[in-house]
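The structure appears right after this line, and notes come after that.
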């Protein structure tokens, strides 16, 4: 167990050891000057003032208080507006954040994939993970803030103000990254994507939260719901109340419900992400088709079918193929299929690494008739468990200094990320006979056995989702 006062340097060493990096492999290092505090901002922050007012606070209302239903169309419009007047520096900043969250995302995905069985499937959001950690960074004071910054991948070096992350810039860039994924490209663009994030802050009764922290979350989670309830008397009952409340507020069936937290917890941070992609030009095939979970077991699932010119690559050396399908003006769905079902684990370990985007350069356009399952993937994971596996169990533990979240001595319980990932056709049900495209003979690509997927935003290079599809309608 790492001591609470772990130095910044030791934290970085822990992170690098967990990531399995040798010094010569640090090709990902990048000048993150766009993400740290500017000199003028530092001068203002460091100017002594005896009249600095205390941060205003809010007291979360009881969990019985009703919340307006989540309006996902309004959230979509808000994300799109955030990208309408981007300057070059905003896009560069988003690219820097994309680099950081991809780096962290691949390592966390590896940890999750080793923990979850192949049969259970997996869907993971690097953006939600990075946003959650950045949120805690904005609420932290040293030494916790320095340790979180190192974990986010930006060593503070001299630890001066101008080497410290500006959490507001990072959260704003995360909003940009989300907006770029769903932004339309005009009348001829792809079908609309929905990407909605809701954060629930659940506190012990009477605990006060600082308003700047709560308001700052709106960049990546436009809807933040602070609620209070008894977390200690019956943790199982508290978990049931939270699950009912979030389902009532969002209408989303997130699958695996929140389990009971430790009875001494005073704050639970739960981020819920709903993604719905519609594949333009694809239709739902009549009836159900067998999806082979393994060589002897199949399940009937609805399938989507479409034809067009997609980017494709068959890697015979590593026994895999990759198909790239546009989802929006800036977003792509990447489908990675092992040539043999038993090779799924090997392909997963090979593909989901830091050279993932480099491999995409091998793709070339080709006429394809693509058949892919309709997807409803669900997953939940506790960031506290991931930190323990990273040998940083105290990072958000009892001794964490989270003085920008509350003046109370917080005890952070579960830090949950839950994902609901849906992939559908944008058209009606296809006729029994699907016409083939004119021109070159189309390659038949059918994903009717376990495969991998990724959702990429090309402008920032950020990976929004990574997944392993074992059961298209029940991966959780």
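Keep in mind that glycine also has a Cβ here, set from the backbone N, Cα and C atoms.
In Swiss-Prot, the region 'Disordered' annotation falls on 45-64 of the listed ranges 5-24, 25-44, 45-64. When you go through 295, 362 in Swiss-Prot, the residue listed as N-linked glycosylation site is 295. Here the region 'Disordered' (45-64) has long-range neighbours at 37, 161, 201-203, 205-212, 214, 226-229, 241-242, 245, 404, 406-407, meaning same-chain residues at least 6 beyond its ends whose C-beta is under 8 angstroms from one of its own.
Each residue contributes its Cα atom, and for residue 295 (N-linked glycosylation site) and residue 161 (disulfide bond) these two points are 58 Å apart. Counting only residues at least six positions away in the same chain, the Cβ atoms of 37, 42, 45, 46 sit under 8 Å from the Cβ of residue 161 (disulfide bond). Secondary structure counts, DSSP: the region 'Disordered' (45-64) has 2 helix, 4 strand, 14 coil.
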